[in-house]
Amino acid sequence: MDWGRFVEEKVREIRETVGDSKAIIALSGGVDSSTAAVLAHKAIGDRLHAVFVNTGFLRKGEPEFVVKTFRDEFGMNLHYVDAQDRFFSALKGVTDPEEKRKIIGRVFIEVFEEVAKKIGAEYLIQGTIAPDWIESQGKIKSHHNVGGLPEKLNLKLIEPLRDLYKDEVRELAKFLGLPEKIYNRMPFPGPGLAVRVIGEVTPEKIRIVREANAIVEEEVERAGLRPWQAFAVLLGVKTVGVQGDIRAYKETIAVRIVESIDGMTANAMNVPWEVLQRIAFRITSEIPEVGRVLYDITNKPPATIEFE
């Protein structure tokens, strides 16, 4: 791929499409939205408004990381929106995975439209990539930036990366000068930790899975492993364990670590036993609500990478 030519073409397309108007971008800090943001910033400069929505479903330290990186280091117009209560309220009592994704997508776009009106933006730029719309089209699962979009969107949509796969986006991000901490980040689902909690999403469940997820990422990095994704899932199943001399019913965490090139297929990683033991020990020691840790050895297919 000639990335120089690709960037020239996309910058020209965005500039011609947006004209003298303003645009907002769904910025999450992941490689997809970050790369789309840099492309758009090259095209329209200060008329790009990066909107970061704290859904309450983000990784540990994510809000601080995004603000520091894009406001302080890249000098972008960054609008921080704390919408945690709104998302938790919308998901109250919801257990169906597909419904969860669609609700998150709907609320996400509602928040954007509100910010866009204040800014006077007419365009919404998203970091949608090929696997997102392929899986949505094939009815495998809805992606919040595809299937969750309302039919009557009040913003005109621009998706400059929609024909690229994840490995290509990483190459493009590197070409654009994004730091390694961005272009080598593991993929993170648009709905965030909400799809790593099986069943109803609550602040308490998110707190547990967020801590477990951080431990998995830390131990994988410490071991020098380079998986496609490594994360924790709260299964919503309590099992019996022993605490001192008494029986205790505690939560169960599943650990998922996979290798892949583009996310369309994936293999469970053959992780050294001592790494898995360390992960299990830390999760059960540092998160008192968890009493059992499982390792998922299923490939994609038949399973998807995420549990929901």
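Glycine residues also receive a Cβ, built from the backbone N, Cα and C atoms like all the rest.
According to Swiss-Prot:
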BINDING   Ser28, Gly29, Gly30, Val31, Asp32, Ser33, Ser34  ATP binding site
DOMAIN    1-185  domain 'GMPS ATP-PPase'
Worksheet, complete the sentence: Cβ proximity for Ser33 (ATP binding site), under 8 A, sequence spacing 6+, ordered by residue number, returns Ile25, Ala26, Leu27, Gln126, Gly127
Response to the item:
In all the protein chains shown, the tally of other Cβ atoms within 10 Å of the Cβ of Ser28 (ATP binding site) is 21
Practice prompt. Name, in the order they occur in the sequence, the residues of the same chain whose CB lies under 8 A from the CB of Gly29 (ATP binding site) and which sit 6 or more residues away.
Written response: Phe52, Glu62, Phe65, Val66, Thr69, Phe70, Ile182, Arg185
Worksheet item: Over the domain 'GMPS ATP-PPase' (1-185), what does the predicted model average in pLDDT?
Response: 87
Worksheet, complete the sentence: Note: in the chain of Asp32 (ATP binding site), residues six or more apart in sequence with C-beta under 8 angstroms of its C-beta are Gly127, Thr128, Ile129, Leu161, Lys166, Val169
Discussion item. Residues other than Ser28, Gly29, Gly30, Val31, Asp32, Ser33, Ser34 within 8 Å, Cβ to Cβ centroid, of the ATP site?
Written reply: Leu27, Thr35, Ala36, Ala37, Gly127, Ile182, Arg185, Phe188
Worksheet, complete the sentence: Per DSSP (three-state), Val31 (ATP binding site) is helix
Worksheet item: Near Val31 (ATP binding site), how many other Cβ atoms are within 10 Å of its Cβ?
Response: 25
